[in-house]
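Feature list (source: TrEMBL):
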- 22-92: domain 'NXPE C-terminal' (DOMAIN)
- 253-734: domain 'Cas1p 10 TM acyl transferase' (DOMAIN)
- 269-291: transmembrane segment (TRANSMEM)
- 355-375: transmembrane segment (TRANSMEM)
- 396-417: transmembrane segment (TRANSMEM)
- 452-468: transmembrane segment (TRANSMEM)
- 474-494: transmembrane segment (TRANSMEM)
- 506-526: transmembrane segment (TRANSMEM)
- 561-579: transmembrane segment (TRANSMEM)
- 600-617: transmembrane segment (TRANSMEM)
- 629-647: transmembrane segment (TRANSMEM)
- 659-679: transmembrane segment (TRANSMEM)
- 685-709: transmembrane segment (TRANSMEM)
- 730-750: transmembrane segment (TRANSMEM)
Amino acid sequence: FKGDDTCEYLLSSGRFLGEKVWQPHSCMMHKYKNSEAKNCLVDKHIVFIGDSRIRQLFYSFIKLINPQVKEEGNKHGNIPFEDKSASIKVDFLWYPEVNGSMRQRIKSWTESSVAKPHIIVAGAATWSIKIHNGSNEALTQYKINITSIAPLLEKLAKSSDVYWVLQDPVYEDMLSDSRKMITNEKIDAYNEAAVRILNSSSRNSKAKVKVFSVSKLIARETIMKSADGLHLPESSRDTNAMILMNVYCNKIMKPIDGSCCQPQPPLTLIQKLAFCFFTLSIVGYLIINLLHRNNFRKSKSCTDLESGEEKKPAISTPNVSTLEMLLHSFCKLGLIMTYFYLCDRANLFMKENKFYTHSSFFIPIVYILVLGVFYTENTKETKVLNREQTDEWKGWMQLVILIYHISGASTFLPVYMHIRVLVAAYLFQTGYGHFSYFWIKGDFGVYRVCQVLFRLNFLVVVLCIVMDRPYQFYYFVPLVTVWFMIIYVTLAIWPQIVQKKANGNCLWHFGLLLKLICLLTCIYFLSYSQGAFEKIFSFWPLSKCFELNGNVYEWWFRWKLDRYVVFHGMLFAFIYLALQKRQMISEGKGDPLFSNRVSNVLLFISIVSFLTYSIWASSCKNKTECNELHPSVSVVQILAFILIRNIPGYVRSVYSSFFAWFGKISLELFICQYHIWLAADTKGILVLIPGYPMFNVLVSTFIFVCVAHEISQITNDLAQIVVPKDNSTLLKRLLCVAGFFCGLLFFSAMQDQSRH
């Protein structure tokens, strides 16, 4: 840990992930687009001064602004570039040697009457080695010249960003005869002189010349691909240019996936209030705990001095009060949230970019599947989609999604399409589970609604406050919350049709189907009417929940992507429960779901459907086109999986307790991964132990899973307190919650005003 500034790491160290992806030590590089580069460099003047290697870097840099630029013009002369649309001026100045001419040009910028460049990138040495045939006198003269230039560069560094590019190694076997004297030994000597002399007079000053030494590391890996043994291949030059862009622009543009050179964000007012609240909770819990300990000591058995008999305490172990339970939960939550903040907001732990390889995704998948099969147990009941089975389903899906995220597999389209089915399957279970509950129980009370909403949203609301992120950022929770409310409203509005009522008259089944058809019509209309959808969710205060980056487009896209699957889940639950009521399916232990012939036919169709979908998903070439088809066809693989899992009686009678354990905390795992397993809001990977990738994943995963499990318990404990069964008490709590959110909106408005 070297403090908040990760620029030193970006400029000096790193490694290649694969052949072309450069990973700086400890931080993440953002890949700048042309529009982003222009926004960052608007009204800026950048100067590259040096030899042919600096000229190459100049061209790679300006191609980030305008990719159409061609490398033309006098190679041994000055080359200007200007982007008038953004008022960006970039110049290359041909000074192949560190000499009096270069000194004079740099000195001219230090004069107060001259406009100074905002960025200066300088470097030269190979020409000096070549012209003077690698003599020691040339090296001595180089030291004298750079000593005279160094104070001028340090003076410029007070108002501009100044970079000195160290010399890259050469591939000596490929050098032409006229360049044979340029050896890596000589280059190292020149680099050593430059590093020793630069900043020698301002070691304690913040204004320093930044030594660009990372190019040497990149060149060592790629110089053998050089065309002449001296100049870097284009991919390496582009990497150097991207590093330069990250060094300068990250602190201006603040990209989420560009943690290098980004300062720690200041605490917001809401974050400060949250910190005070958790601190008071911890202090309050400690005080109550100390008081209880003292009371317990006083009530211990003591000896009667007169009779010599031991007195027994008249009281038993005191019950934990609601206040103590509340403070205990918030105390633990406060410590956990501190860890969240340190991992993904403070610049304490390192972050690295993801890099996808087939082995990094498929090997862990095989490993967890073997573990899951190893922990096989008998189910308590053998119904279709029983509790153990749905927990198992959620568990293995969540583990696959976690591996998908940490391996960066979203870049591989076939994997992406299969993961989309897993997300759809979660929503299918939402439709199936909530419909089944309301249909069978007929419980439309406020208590049930509040319980579900609290369990779904508690962690996300806390993270929105502590991590300063909008609600829509954790897109899956808004998705399941809105779908739960849609299911509730659909079934709760008049006429309320439940199983008990429908059993008395079959016409009620048609009434329910009519409700479902109306729901499907509304879904269809909203999915093809973006304007209507955005109007609904742009009303204040709904907009505060569903806006991301100032609009609700992201929310519309997420909702539209799986728009039919919840309806499919509700319809499946209705058909299954109707068949179950009429005893048209057999759910006994070891019995097939239907007659042998029907079961075999359905099983064959299901396997063929499952494989057909996988073949289609694996052959996808265009993500946009496949996403358009996904809402209509994802249900095919989901239903195929359910039938394969439930038709054979022996398969339905067992489950994996390993997967089921993870399934019980699947929501917490999905949300916690954003900040304490992944990093930079899922764009990178958290690095607790640098240099040991496998060991780091083991340690961070262990902590991550334990934290998710603990948060699940905290949520369950707080749900009992915040959402009581007594209606009058519940009403008071709801008023308190409404007051809390009003206060949150008020402070959020104050924050927005202060930012503007």
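Cβ coordinates come from backbone N, Cα and C, glycine included.
If you look at the transmembrane segment (659-679) against the transmembrane segment (730-750), you find fewer than three C-beta pairs under 8 angstroms, all six or more positions apart, and that falls short of contact.
Contact check: the transmembrane segment (269-291) against the transmembrane segment (730-750) gives at least three Cβ pairs closer than 8 Å, residues 6 or more apart, which meets the contact criterion. Remark: the transmembrane segment (600-617) contacts the transmembrane segment (629-647), by the rule of 3 or more CB pairs under 8 A.
Listed by sequence, the residues of this chain that lie at least six past the ends of the transmembrane segment (355-375) yet keep a Cβ under 8 A from its Cβ atoms are 17-18, 21, 23, 392, 395-396, 399-400, 403-404, 407-409, 411-412, 415, 656-659. Contacts between the transmembrane segment (629-647) and the transmembrane segment (561-579): present, as 3 or more C-beta pairs lie under 8 angstroms, all at sequence separation of six or more. Here the transmembrane segment (561-579) has long-range neighbours at 384-385, 420, 423-425, 427-433, 435-436, 439-440, 479, 483, 486-487, 499, 509, 512-513, 516, 519-520, 523, 526-527, 585, 627, 630-632, 634-635, 638-639, 642, meaning same-chain residues at least 6 beyond its ends whose C-beta is under 8 angstroms from one of its own.
Residue counts for the domain 'NXPE C-terminal' (22-92) under DSSP (helix as H, G, I; strand as E, B; rest coil) come to 22 helix, 19 strand, 30 coil. For the domain 'NXPE C-terminal' (22-92), the predicted model reports an average pLDDT of 93.
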